[in-house]
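Visitor: Mind having a look at this structure? Questions to follow.
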Amino acid sequence: MAPPPRPVAIPTGTPAPPGEVLVVLGAQWGDEGKGKLIDLLASRYDLVARCAGGSNAGHTIVVDGVKYAFHLLPSGLLNPHATAVIGNGVVVHVPSLLSELASLEAQGIPHPASRVRLSDRAHLLFDYHQVVDGLREVERGAAKIGTTKKGVGPAYSSKANRTGLRVGDLRQFRAFPAAFRRSLASKHKRFHAFDYDVKAEVARYYEYAQALEPNITDTVALMADAITGGERAVVTARVDGAAAIAPSPSASVLVEGANAALLDVDFGTYPYVTSSNCTVGGVSTGLGIPPRHIDHVVGIVKAYTTRVGEGPFPTELLNELGERLQRVGHEYGTTTARPRRCGWLDTFMLRYTTSVNGYTAIGLTKLDVLSAFETVKIGTGYRVRGRPCAYYPANLETIAEAQVVYEELPGWQDVDITAARTWAELPENARKYVERVEHLIGVHVQWIGVGPSRDAVIVRNPSPAA
């Protein structure tokens, strides 16, 4: 059992102090609602950054009835004063990036392109990576992973095999065509059954190189300056949209984690994972931020559990209750529109991801969805072959055969909590549910999402009285 939580208050409205680094990470299998808390916090920070993944990730923010979908860009870009950083750990599909920027500008977001800094060390994800991604899934047959087919896995494979191209290569375009052909040839040797117009692709990337030239940046140096001070620390956008550099002793940084802990290539339910490190270690490797400079790690936890794609899911509900969670929670993927598998909250799993990520606070989302149930259950542990598991298993067969130990709590069925904005306005049983989750995880629940609107969040006082 986890120890009682030690409350750590993270201010919400006041500007973050210079040099502060706050990281927001998914604590389950993704789709926890990270974007909503990021939107709440982003106004405090000078830089908003992505450290891993690609356009396979998805955040949706609703502002004044307008829905903004983010896949590759940090959703903190909605803050008109923030600079967005795409770190070296991200794989960048340039057409998707430019399309996303154009969509945001069309929706009225001020000068998004001039506020993006793209790491010269980030790897490029090409269309052929997406083709290979689909071919790999077909090849796997019944053993398919359930990839989004966005090409992320093959792009990271090119990176690991040292056959990839990086964003910085766009600046040395004379050498780009030959390097591109070598990279493509490495995939053709393995998957030769697809056609690819190399000449047309190289021509497109020449245009992309011109368009992205102002954005390509040494983001490792940018982050170092932001944390410890330097002239590149704060980048603002003038009214005319041109980039302007303002010296500052240091700047604050909000890091947006993509995917989630159980999708991490090392700590997740391998092989049903993504291809990057989406736990806290990915912040250091994907942005160059030293661990000692990370001040806060916020874990985002959905009030129940969902998963997209294949892989074990011990608390999954393959019945009407699961269908109800899916229906009431509108559980369909932002990136793929695929229906999500649904089940009860699994705090045994959450204690594992807490041990990996070291959360200093929890954001609990979609509590309002549980208003559809007379009673609610929480998974508190696993038993395998009659014996309790002390730690979250690495072996998938062990996870698949695990019997979940549940606690059942009275619900608050048919009580609409979407208008609640204070802890006291929640029904007693909803408060008891939050407190029990908090105790089982061992981390203070500071934010509680109670509805889809932007302001449907309770910021909870960390004092014993809450």
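Yeah, the Cβs are placed from backbone N, Cα and C, and that goes for glycine too.
I grabbed these lines from TrEMBL:
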BINDING   30-36, 58-60, Arg340, 366-368, 449-451  GTP binding site
BINDING   Asp31, Gly58  Mg(2+) binding site
BINDING   Asp31, Glu32, Gly33, Lys34, Asn56, Ala57, Gly58, His59, Thr148, Arg162, Asn259, Thr274, Arg338  IMP binding site
ACT_SITE  Asp31  active site, proton acceptor
ACT_SITE  His59  active site, proton donor
BINDING   Thr334, Thr335, Thr336, Ala337, Arg338, Pro339, Arg340  substrate binding site
Visitor: Consider the binding-site residues Thr148, Asn259, Ala337, Arg338 and say which one has the Cα lying nearest the Cα of Gly33 (GTP binding site).
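Guide: Closest candidate to Gly33 (GTP binding site), judged by Cα separation, is Asn259.
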Visitor: Which ones are near Arg340 (substrate binding site): of the recorded positions Asn56, Gly58, His59, which have a Cα within 10 Å?
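Guide: Near Arg340 (substrate binding site) by Cα: none of them.
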Visitor: Tell me the coarse DSSP state (helix, strand, coil) of Leu367 (GTP binding site).
Guide: helix
Visitor: Quick one: of Gly30, Gly33, Gly58, Pro339, which of the binding-site residues has the smallest count of other CB atoms within 10 A?
Guide: Pro339
Visitor: Least buried of the recorded positions Lys36, His59, Arg338, Arg340, going by other Cβ atoms within 10 Å?
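Guide: Counting other Cβ atoms within 10 Å of each of the recorded positions Lys36, His59, Arg338, Arg340, the minimum falls on Arg338.
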Visitor: Could you check the binding-site residues Asn56, Thr148 and say which one's CB has the fewest neighbouring CB atoms inside 10 Å?
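Guide: Counting other Cβ atoms within 10 Å of each of the binding-site residues Asn56, Thr148 gives the minimum at Thr148.
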Visitor: Work out the three-state DSSP category of Lys36 (GTP binding site).
Guide: helix
Visitor: Fewest other C-beta atoms within 10 angstroms of its own C-beta: which of the binding-site residues Ala337, Leu367, Val450 fits that?
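Guide: If we count Cβ atoms within 10 Å for the binding-site residues Ala337, Leu367, Val450, the smallest count is at Ala337.
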Visitor: The record names Asp31, Glu32, Gly33, Lys34, Asn56, Ala57, Gly58, His59, Thr148, Arg162, Asn259, Thr274, Arg338 as the residues that bind IMP; what is their largest Cα to Cα distance in Å?
Guide: 34
